[in-house]
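Here is the structure we will look at.
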Amino acid sequence: MADKEAAFDDAVEERVINEEYKIWKKNTPFLYDLVMTHALEWPSLTAQWLPDVTRPDGKDFSIHRLVLGTHTSDEQNHLVIASVQLPNDDAQFDASHYDSEKGEFGGFGSVSGKIEIEIKINHEGEVNRARYMPQNPCIIATKTPSSDVLVFDYTKHPSKPDPSGECNPDLRLRGHQKEGYGLSWNPNLSGNLLSASDDHTICLWDISAVPKEGKVVDAKTIFTGHTAVVEDVSWHLLHESLFGSVADDQKLMIWDTRSNNTSKPSHSVDAHTAEVNCLSFNPYSEFILATGSADKTVALWDLRNLKLKLHSFESHKDEIFQVQWSPHNETILASSGTDRRLNVWDLSKIGEEQSPEDAEDGPPELLFIHGGHTAKISDFSWNPNEPWVICSVSEDNIMQVWQMAENIYNDEDTEGGVDPEGQSS
């Protein structure tokens, strides 16, 4: 009986998801300046824009690249580099180019040829997360289903993978007992990599001091303050010795690598009422950071007074797995997770007056809801070169590259707009 009910619930949910998607698709021309939808061969659990951009002469597009991975059933997995053509601001297109069948537009009726897989490198098991090293973006670290963290220099691998399926990382980083997701390169100290794991620990490696012969590098330091799965870890963006970590013990911890006590953080705070899955430091304000949780909220923190949560962003209907500040705007951050939504928030709007109708759509600081995914969003990344462009990937193989309509973030058009979920008001 319970099975029947579960099947019925699933069918109802699927119908709701499909209906919502239809409404979203119908409204994309009003909500977006760009939407590209691409079905990957396998779902990617990870997405990160590389920092470089090519602007070919005489063309109305620029070429950007992404680091992706695969999560296959039983087939060979790969670390993937893809290229994406984004239209220039002056590219000629209008709403008549909109392809209502696919819910895509932006001068590209369809995306064929606009998103291409450039490099595939054999990987051991799915790629839980992949992140490039800021000082040398050819170097990419990956989290595997085993306890090892792998490092690849993608310039040293053929663009087509060896059919044998053999995985040949340039380095293999040891120190964990279990898999995990959190991964962070120090933006101020080249080669310093942090990793978070299900084994309750955080490992630090320095790959700049690696002997040329050995492929295996042992952790320089192991931090053991958390009492449960460590979900995410992130270096502070300005202070080379500070980093933060979050875990299933519901805590946010701030660490200083100069301290000799690797089992006690400088600060520890009960951040949420459920597991804490992600964190992000603000690139413009050295004291501000955000955390996302299974309690469905994003919390805002000030390092100068962690006892007091600055704000709680509430609108998600399920667990939050990723939070990222915009690289271009001090007050903008985005969050995503199990509810298939990516929410963009604007701190500067906290506490603004709202009409009762607007309040029904969400708090004033909820700037936009990206409703284009029909499955859990695994990861997303703000494009560092094109403001407001985001790439998001979901569990059903879909990758979307999109940019909300300018009138949404440029506030002039506030009358009779479209509510963030895409139902016209």
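All residue numbers here begin at 1 and follow the chain in the order shown.
Every residue gets a Cβ built from N, Cα and C, even glycine.
For ALA2 (N-acetylalanine), the count of additional Cβ atoms within 10 Å of its Cβ stands at 6 [all protein chains shown]. Reduced to three states, the DSSP call for ALA2 (N-acetylalanine) is helix. Annotation comment: Swiss-Prot describes ALA2 as N-acetylalanine, evidence class similarity to another entry.
Under the heading repeat 'WD 1', Swiss-Prot lists 32-125, citing similarity to another entry as support.
The repeat 'WD 2' feature in Swiss-Prot is assigned to 126-175; the stated evidence is similarity to another entry. Here the repeat 'WD 2' (126-175) is broken down by DSSP into helix, strand and coil counts: 3 helix, 22 strand, 25 coil.
According to Swiss-Prot, the feature repeat 'WD 3' maps to 176-223, an assignment based on similarity to another entry.
According to Swiss-Prot, the repeat 'WD 4' annotation covers 225-270.
According to Swiss-Prot, the feature repeat 'WD 5' maps to 271-314. Long-range Cβ contacts of the repeat 'WD 5' (271-314) within its own chain (Cβ-Cβ under 8 Å, at least 6 residues beyond either end) map to 228-229, 231-239, 244-248, 250-252, 254, 320-325, 327, 330, 333, 335, 337, 343, 345, 347, 350, 363, 365-366.
If you look up Swiss-Prot, you'll see 315-371 marked as repeat 'WD 6', on the strength of similarity to another entry.
Taken from Swiss-Prot, the feature repeat 'WD 7' applies to 372-404, supported by similarity to another entry. Residues 17-18, 21, 24, 28, 31-49, 51, 53, 62, 64, 66, 68, 84, 86, 103, 106, 115, 129, 321-322, 324-329, 334, 336-338, 340-342, 344 of the same chain lie 6 or more positions beyond the ends of the repeat 'WD 7' (372-404) yet place their CB under 8 Å from a CB of it.
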For the repeat 'WD 3' (176-223), mean pLDDT (0 to 100): 94
The repeat 'WD 5' (271-314) - residue tally per DSSP class, helix then strand then coil: 0 helix, 22 strand, 22 coil
